[in-house]
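*Asks:* Sending over a structure as structure tokens; questions will come in a sec.
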Amino acid sequence: MTLFDIIFQGTSDALSAAKSVVEKAVADKGKEHKVAFPDTAYSLPVIYAATGKKISNLGELQEAIAIVESLLVKEQRLENGLNAGLGTALAAEIIEAAKYSVEEAPYVAPLAGHISDPIIRSLGVPLVTGDIPGVAVVLGECPDAETAAKVIKDYQSKGLLTFLVGKVIDQATEANVKMGLDLRVIPLGYDVTSVIHVVSVAVRAALIFGGLEPGNLDGLLKYTLERVPAFVNAFGPLSELVVSAGAGAIALGFPVITDQDVMEVPTRLITQKDYDKFVATSLEARNIKIKITEIPIPVSFAAAFEGERIRKGD
Amino acid sequence: MEKTLLSIEQMEEINSLLKQKAVEAGAETWQDRKEAQKVSCKFGEEGVCCRICSMGPCRITPKAPRGICGANADTIAARNFARMVAAGAAAHSDHARDIAHVLHMSSENGSYKVKDKDKLYKLAGEWGVSTEGKDLYDVAHEVAEVALMEFGKPFGTLRFLDRAVDGRKETWEKEKVAPRAIDREIATIMHSTHIGCTAEAESLVRMGIRTGLSDGWGGSMIGTELTDILFGTPTPTQTESNLGVLEEDMVNIVLHGHDPSLSEMIVLASEDAELVAYAKEKGAKGINLAGLCCTANEVTMRHGVKMAGNFLQQENAVLTGAVEAVIVDVQCIFPAMAALADCFHTKFITTSPKAKIPGATHIEFDEHHAFDSAKGIVKEAIDNYANRDRAKVYIPDSKQTAMAGYSIEAIIKQLDLVTNSHVDKTGTVKPLADCIVSGVLRGAVGIVGCNNPKVRPDYSHIEIIKNMIANDVIVVATGCAAQAAAKAGLLDKEARNLAGQGLRTVCELVDIPPVLHMGSCVDISRIILLVNAVAKHLNMDIPKLPVVGIAPEWMSEKAVAIGNYVIGSGIDTFLGVYPQVTGSAEMVDLLTNRVEDIVGAKFTVEMDPAKLSEQVLERIEAKRTALGI
């Protein structure tokens, strides 16, 4: 399969998943049932920023599926691949929104799920000052817990904000990686679609800090490319859906670094099999330069540990 | 912002104004001569007129299906075609031979020096010339000797064939088209096309491919390599193109022809302080050098010398009335230039004993005293400045900025910009291969060739290039095709805005224009080696790659030789002008069909640039589908 066909397949998968999830929600709750993420003024932020449309009930959510369909043009061209990736992102937001609409608490601690506006506002200053030099999205499954911990702790020690999606969350737990917003390691959820909650952060950064006009898709993509220093690490076997989501990341300007064999795209989609070099490869791909003064002490030292609480047991 | 291109209509408007100048001066141009030729002879057009012995001329008609010797249309068309290949290969080879001789006469304090030592040592290593403890120039002379042996060595096949990807080498071996010595292949064609020798069309087509390959992987490749060694490997450089590069108040010298051993010296001479002062003494602000045809390509690639235009623009340069001298050496020089120059103050100066033209001022270029010789020629031009008739001057206010200088080495250096130091090695074509495999770029095409009055000049070049880049196909160009692109503005980095999103993104990341000027016609060897490098990287034979060669407005026998080595190298070739073989169904079938079974690639002929573009894109997509990419 061509790279674009893999992406198109992933988008189709996301599309049909979104359709069935929303269909079921409508069947259970009716079209008028409320749809909203908690603590946000931006409705469904990705859809709102990309199209300017606010969605408030399941009927409107169902209509939004047409936007995803319109982004799926199966001609083999870069723009279609990137658009399909964006389509997957929108489909993911639709699925996640349906979760929040139907379930009382779709995510329970330590899983974060949707990130609220106040948290994004609190992240704004350190992002602008470079105190948070980058945003790492780590998803999938590392070969072992040790590798997962090494990569995540490395980002943590460099002050990056790291979001976890999928089995890597369990691996991090297993390896005793301490998580939480204060520690700049945030487990989002186990479903691939929960990755949208970090995209939502980037998108709201454009709306809040970039003063982006909702519906200005080109402006959004320019802002995220130039101003949001995020990248994706995709570990383990990649489903079509994950690749398609990766295309969405690339459309936003976020490179994807994976340990799997893929059709590489210079600076955008990179295979790195050496886990020891994963962090360095990622930082270079996103052009994140960190000035480090190494202090030879036996424990990790970084701003990310500022909010750490030492419990009795420790 | 969209790049503003110079449209074909604007170009034609300028041409018609210049044509008007010709009428006023009582001068004749190619348009007049094309007109005077009326409808061309059908037998010649179809390749079924034979005059290789004095029993003839014979021509093939339904009533006379055989010539006197019994040769039929297939034999005759095949022989004529093969001889075109031989002539083209001979032209490139003799060009290369001269460069090899110049390398052989290079010295520490002479006019000719070794400028790219690394490339020399690399080639010495490749050819088994020892370098240890040896003087640089001893190495240069030995390498030159090895190169010169390639033209007439009695045994074996050409050394550069070793550079080819395995699949190619095996194919050439199996199909017996691996070229031996360069001159030998040319002589063999002349032998086999003699009366009473080869009559089998397929056999002649195979010989044509072998001889073509002796050009592409022999003469031309040697020419390019040794020229880089002597004058430097091109690096990206900004230049300007079109007749607007001529200056109102400077001594305008136009260089036309092919051989850089002359043009490089003229470049040096035109920058010589003494001569510049002399020009000022004569009332000019300085010396302004501009190039035409492949000489322009050579000096623009290495020095950013401005390009006045391509093949069918050569007379226009004189018609501006602002050119003090047209200095020429060999190949593609209209003999009509002598009479045309007589209508103006322009001096038409021939310099090579290989290309004397009646009516021209002949100042033989002395390679042994190259710099002084060049100075003498430039001085002639300066002396002529006073004779310029200002009333006759019309310099079209039209020029475009362009980037040139994309040798393989330069392209790889640009590609290094998008490598990740923790994953990739630098100095490879991997980023290009990755872009093609992933589909960000759909493929790559080389657009080469001449101008031909049979088609609207430059129209096909420009239309096809625009179609390619809009469809995410990266274009490399050489020769007069590259010049057409330059005139239009397609060699400017801003032209990336005319490209599809895939190519545009690549151009932005790699910091290149969407059309890469890779040099002169012998520099098509660079294109072949670039494709070969991608094939090697992907570990597959060249015919599998989504790569195509296009000669939209080809004209010369050199173009025929080039076409033969391009398909011989496994690259499908699209022609915008019919070769003179259509009188033989067998030849048409061989070239556009059966030759694919031999070398894995074939010719396609289509005169409509829109249709041709469509077919090229289809071919590229078909190759991708076959590879599953």
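Glycine too: its Cβ is placed from the backbone N, Cα and C atoms.
Pasting the relevant annotations from TrEMBL:
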- B:CYS41, B:CYS49: [4Fe-4S] cluster 1 binding site (BINDING)
- B:CYS50, B:CYS53, B:CYS58, B:CYS69: [4Fe-4S] cluster 2 binding site (BINDING)
- B:HIS258, B:CYS294, B:CYS332, B:CYS450, B:CYS480, B:CYS521: [Ni-4Fe-4S] cluster binding site (BINDING)
*Asks:* So which binding-site residues are near B:CYS49 ([4Fe-4S] cluster 1 binding site), with CA atoms within 10 Å, out of B:CYS58, B:CYS69, B:CYS521?
*Replies:* B:CYS58
*Asks:* Looking only at Cβ atoms, how many others are within 10 Å of the one on B:CYS41 ([4Fe-4S] cluster 1 binding site)?
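*Replies:* Around the Cβ of B:CYS41 ([4Fe-4S] cluster 1 binding site), 11 other Cβ atoms lie within 10 Å.
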*Asks:* I want to verify one value. Collapsing DSSP to three states, which class is B:CYS69 ([4Fe-4S] cluster 2 binding site)?
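*Replies:* Going by the DSSP assignment, B:CYS69 ([4Fe-4S] cluster 2 binding site) belongs to neither helix nor strand, so it counts as coil.
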*Asks:* Among the binding-site residues listed here (B:CYS50, B:CYS53), identify the one with the smallest other-Cβ count within 10 Å.
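*Replies:* Comparing Cβ neighbour counts within 10 Å for the binding-site residues B:CYS50, B:CYS53 gives B:CYS53.
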*Asks:* Write out, in the order they occur in the sequence, the residues of the chain not among B:HIS258, B:CYS294, B:CYS332, B:CYS450, B:CYS480, B:CYS521 that have a C-beta within 8 Å of the mean position of the C-beta atoms of the recorded [Ni-4Fe-4S] cluster site.
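*Replies:* Those within range, site residues removed, are B:CYS293, B:ASN297, B:ASN310, B:PHE311, B:GLN331, B:GLY479, B:SER520, B:SER556, B:LYS558.
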*Asks:* Spatially, which candidate from the binding-site residues B:CYS41, B:CYS50, B:CYS53, B:CYS58, B:CYS69 is nearest to B:CYS480 ([Ni-4Fe-4S] cluster binding site), comparing Cα atoms?
*Replies:* B:CYS41
*Asks:* Taking B:CYS49, B:CYS294 as the binding-site residues to compare, which has the smallest set of other Cβ atoms within 10 Å?
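*Replies:* Counting other Cβ atoms within 10 Å of each of the binding-site residues B:CYS49, B:CYS294 gives the minimum at B:CYS49.
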*Asks:* Quick check: which same-chain residues outside B:CYS50, B:CYS53, B:CYS58, B:CYS69 lie with their CB within 8 A of the centre of the [4Fe-4S] cluster 2 site CB atoms?
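*Replies:* Other same-chain residues with Cβ inside the cutoff are B:ARG51, B:ILE52, B:MET55, B:GLY56, B:PRO57, B:GLY67, B:ILE68, B:ALA71, B:ILE76, B:ILE195.
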*Asks:* Long-range neighbours only, meaning 6 or more apart in sequence with Cβ under 8 Å: which ones does B:CYS450 ([Ni-4Fe-4S] cluster binding site) have?
*Replies:* B:ASN310, B:PHE311, B:CYS332, B:GLY479, B:CYS480, B:ALA551, B:GLU553, B:TRP554, B:MET555, B:SER556, B:ALA559
*Asks:* Around B:CYS521 ([Ni-4Fe-4S] cluster binding site), how many other C-beta atoms are within 10 angstroms of its C-beta?
*Replies:* 31
*Asks:* Per 10 Å Cβ neighbour count, which of the binding-site residues B:CYS58, B:CYS69, B:CYS332, B:CYS480 ranks highest?
*Replies:* B:CYS480
*Asks:* For B:HIS258 ([Ni-4Fe-4S] cluster binding site) and B:CYS53 ([4Fe-4S] cluster 2 binding site), determine the Cα separation and express it in whole Å.
*Replies:* 33
*Asks:* CA-CA, which of the binding-site residues B:CYS41, B:CYS294, B:CYS521 lies nearest B:CYS53 ([4Fe-4S] cluster 2 binding site)?
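*Replies:* Of all the candidates listed, B:CYS41 is nearest in space.
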*Asks:* In whole Å, how far does the CA atom of B:CYS50 ([4Fe-4S] cluster 2 binding site) lie from that of B:CYS294 ([Ni-4Fe-4S] cluster binding site)?
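*Replies:* B:CYS50 ([4Fe-4S] cluster 2 binding site) and B:CYS294 ([Ni-4Fe-4S] cluster binding site) have their Cα atoms 32 Å apart.
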*Asks:* Around B:HIS258 ([Ni-4Fe-4S] cluster binding site), how many other C-beta atoms are within 10 angstroms of its C-beta?
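*Replies:* There are 29 such Cβ atoms around B:HIS258 ([Ni-4Fe-4S] cluster binding site).
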*Asks:* So among B:CYS41, B:CYS58, B:CYS69, all listed as binding-site residues, which is physically nearest to B:CYS521 ([Ni-4Fe-4S] cluster binding site)? Use the C-alpha atoms.
*Replies:* B:CYS41
*Asks:* In the three-state scheme derived from DSSP, which category covers B:CYS41 ([4Fe-4S] cluster 1 binding site)?
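*Replies:* The residue in question, B:CYS41 ([4Fe-4S] cluster 1 binding site), is coil (DSSP, three-state).
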